[in-house]
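Step one of this worksheet: look at the structure below.
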């Protein structure tokens, strides 16, 4: 009885009816009339998506949203309330968690609602707002990661000769990140490109299908300043970070050989080891960001350069990978951050990972020790 009722639902009967599984319907048929002016003619050639895809997408986005909000919320809480973690460098970590938190807090529920109705039902204004939030917090995340990479470059490559980051300079960088992000993401509201429904009709994003150069130029310039430039800066920073780490390890091996000892670990060497651990954590986070957002960039470039036909199902994966990125960061820090794990165990014993024996060699505390020491020296001078 239940199965008969399910099969008789309009979405299922529409999907299975007619030639090829569709009764002359398109993916646009369920779109409310007030939204049609935003829908590109490209999408009218595609039949409705299988309702199971909408159900699967809604479920996955819901799960990712819960994990991201809880995970990033805990990162913000623990880094903000644990004294040993309240350092200038970790202000950037908190800002990254804040951006990821807001990404899923503002986007998972609307997408879940639209997946239930199998189309965008929240109106044109919410479509623009949804797309703006996705662009804003995505931009905020990558530029925060860029600032983290530059901070690691400053500490690891330049070492004690570098000017330490203070709370003031960290806050100025965070202010720049958000001012820069807002400036780029409000442009489509003023006519440089626009925010429109994606092909699956349950999410909204930039218009990469309109063929005029006003729209195309925004995608190209935005991609440079919000993707390629920060990515290039990150690669540049980590290239020299890895060079410095390699040179340090080579120096340590030669010193051990000369002194004929199995192990040589001075306080400075332990400090550098902690710096290297943080560099690996940050590099892992950035790699996950790269794999999360690159599919969406490829979809945008495919649209403006017409290299292949973009299907509604393809746009689902672009949206999904981009939003999943907001889940990665708290997991990475939870696994690889001893001091974070120690604070997590203290504040949330039932949720904590098993504490490791090297909690005193925290990646975060090690990462900022050099900066703190330089601050003290400059103050005493």
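Heads up, the Cβ atoms here are built off N, Cα and C, so glycines get one too.
Per Swiss-Prot, the annotated N-linked glycosylation site among residues 167, 200 corresponds to 200. Membrane topology as recorded by Swiss-Prot puts residue 84 and residue 338 together on one face. In Swiss-Prot, the annotation N-linked glycosylation site falls on 24, out of 24, 360.
Transmembrane segment is the annotation Swiss-Prot gives to one range among 131-150, 251-270, and that range is 131-150. Looking up the ranges 326-353, 354-381 in Swiss-Prot, the one annotated as region 'Disordered' turns out to be 354-381. Pairs of Cβ atoms less than 8 Å apart link the transmembrane segment (54-78) most often to 91-115, out of 91-115, 131-150, 312-336. Annotated pair residue 204 (disulfide bond) and residue 323 (N6-(retinylidene)lysine), C-alpha to C-alpha distance, rounded: 13 Å. By the Cβ criterion (under 8 Å, sequence separation of 6 or more), the transmembrane segment (91-115) is in contact with the transmembrane segment (312-336), since 3+ such pairs are found. When each of the recorded positions 127, 200, 204, 323 is scored by how many other Cβ atoms sit within 10 Å of its Cβ, 127 comes out lowest.
Distance from the CA of residue 127 (disulfide bond) to the CA of residue 200 (N-linked glycosylation site) is 13 Å.
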